[in-house]
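Asks: Attaching a single structure in structure tokens format; questions to follow.
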Amino acid sequence: MFRIGQGFDVHEFAEGRPLIIGGITIPHEKGLIGHSDADVLLHTIADACLGAIAAGDIGKHFPDTDPAFKDADSAVLLQKVWEFVREQGYELGNLDCTIIAQKPKMAPHIESMRKRISELLETSIDNINVKATTTEKLGFTGREEGIASQAVVLLQKK
């Protein structure tokens, strides 16, 4: 049996925070605001995985009202989500992600992101696709106010 999940997330830029996307720290003058480390891509992937098994979203499992998750490493959160998915009897078919940002340029970091995500999801890098686009200076991402991301995951029963 196959299950498909979709995820979407956005985070606003702020001074004085590191920019972490896909488990990789990216040099930039601003980072993203969030209760955790605000890794917009890993949050999106977690939501897609949880959605595929009809288990809610990242906020249900790691609420921003819980101080235990303040400044949490999103890689650890995704590992916990993936462990839960595997306990339900699923493995990854493939994952396709899009980062939506005017700046910084993501291309130099995409292979590192793919590698890190493949490690977190215990799969071959060949099952992970990450791409990036801009909104041609339209909307909040185009005005460089934040970053958005989307992901689609295909899970299959073990």
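In case you wondered, yes, glycine gets a Cβ from its N, Cα and C as well.
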Asks: Given that Swiss-Prot lists Asp9, His11 as binding divalent metal cation, which residue among His35, His43, His61 does it place in the same site?
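Replies: Swiss-Prot names His43 for this divalent metal cation site.
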Asks: Compile a sequence-ordered list of residues in the same chain as His11 (divalent metal cation binding site), six or more apart from it, whose Cβ lies below 8 A from its Cβ; state 'none' when nothing qualifies.
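Replies: Those within reach of His11 (divalent metal cation binding site), by Cβ under 8 Å and sequence separation of 6 or more, are Leu32, Ile33, Gly34, Ala38, Val40, His43, Gly146, Ile147.
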Asks: Using all protein chains in view, find how many other C-beta atoms are within 10 Å of the C-beta of Asp9 (divalent metal cation binding site).
Replies: 24
Asks: Over all shown protein chains, what is the count of other CB atoms within 10 A of the CB belonging to Asp66 (4-CDP-2-C-methyl-D-erythritol 2-phosphate binding site)?
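Replies: Result for Asp66 (4-CDP-2-C-methyl-D-erythritol 2-phosphate binding site): 10 neighbouring Cβ atoms inside 10 Å.
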Asks: Out of Asp9, His35, Thr134, which of these recorded positions is nearest Phe62 (4-CDP-2-C-methyl-D-erythritol 2-phosphate binding site) by C-alpha distance?
Replies: His35
